[in-house]
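The block underneath contains the structure these notes are about, expressed in structure tokens.
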Amino acid sequence: TNYCNLQSCKRNNAIHTMCQYTSPTPGPMCLEYSNVGFTDAEKDAIVNKHNELRQRVASGKEMRGTNGPQPPAVKMPNLTWDPELATIAQRWANQCTFEHDACRNVERFAVGQNIAATSSSGKNKSTLSDMILLWYNEVKDFDNRWISSFPSDGNILMHVGHYTQIVWAKTKKIGCGRIMFKEDNWNKHYLVCNYGPAGNVLGAQIYEIKK
């Protein structure tokens, strides 16, 4: 893929991460970096954690929410690891900038993103599972009336958007990147996960509720 020519980025006048950052080496913001990327076991752990959480919701076992428990889903297929999404996520993680990148789409589909960072004055012991749970636990602020149509209120997206991307039924693929680095004497652990097809489509159904 020529990422610099991707129409889905151009439509938004956005530069693709792989076009903007051509070097696979961590960028100038990444001081004393380590733990770039994942072992195969860690990749499996990320996928398995996501699928465990998807199945928790799909089977009606998530009791939290502002308006009562989360209803079960007709279907919420398991996610599988996607190397292309992972390469793009890692390239962005390697910039050590805690924000969303401008464009991370692929030829196949639009791509969504969750990011998390933890800081520690000593050794950073936060696990990948801990960070995924930071996203998922937004379910406590999620109103189950939003399932049939994702709200277009940006404020809502800010508070529950990580959770909704995790349980978005039409998302099939995940690929993540990670780096640890130092920033102002803090030991940072930065995780970027890219999801395709992207979730959090305004007005779209998050998942079909099982009656």
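Note: Cβ is positioned from N, Cα and C throughout, glycine not excepted.
Quantities reported herein were computed from a predicted structural model and do not represent experimental measurements.
Marked as disulfide bond by Swiss-Prot: Cys4-Cys19 (among others). Within the same chain, the residues at least 6 positions away from Cys19 (disulfide bond) whose Cβ sits under 8 Å from its Cβ are Tyr3, Cys4, Cys9, listed in sequence order.
Per Swiss-Prot, the feature disulfide bond maps to Cys9-Cys103 (among others); the stated evidence is similarity to another entry. Annotation note: Cys103 (disulfide bond) sits in a strand segment as assigned by DSSP. Listed in sequence order, Leu6, Ser8, Cys9, Asn12, Ala14, Ile15, His16, Thr17 are the same-chain residues six or more apart from Cys103 (disulfide bond) with CB atoms under 8 A from its CB.
Annotated disulfide bond per Swiss-Prot: Cys30-Cys96 (among others), in sequence order. Residue environment of Cys96 (disulfide bond) contains 21 other Cβ atoms, counted within 10 Å of its Cβ in all protein chains. DSSP assigns Cys96 (disulfide bond) to coil in the three-state reduction, placing it in neither a helix nor a strand.
Looking only at the domain 'SCP' (47-195), the predicted model's pLDDT averages out at 97. Among the features that Swiss-Prot reports, domain 'SCP' is placed at 47-195.
In the region 'Disordered' (58-77), helix, strand and coil residues by DSSP number 1 helix, 3 strand, 16 coil. Annotation comment: Swiss-Prot describes 58-77 as region 'Disordered'.
Note on Cys176 (disulfide bond): other Cβ atoms within 10 Å of its Cβ, all shown chains, come to 29. The secondary structure of Cys176 (disulfide bond), as reduced to three states from DSSP, is extended strand. What Swiss-Prot records for Cys176-Cys193 (among others) is disulfide bond, and it gives similarity to another entry as the kind of evidence.
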Inset, instruction - Determine, to the nearest whole angstrom, how far the Cα atom of Cys96 (disulfide bond) is from the Cα atom of Cys193 (disulfide bond). - result: 14
Legend entry - Where Cys193 (disulfide bond) sits in the secondary structure, as DSSP reduces it to three classes: strand
Inset, instruction - With a 10 Å radius around each C-beta, find which of these disulfide-bonded residues (Cys4, Cys9, Cys30, Cys193) has the fewest other C-beta atoms nearby. - result: Cys4
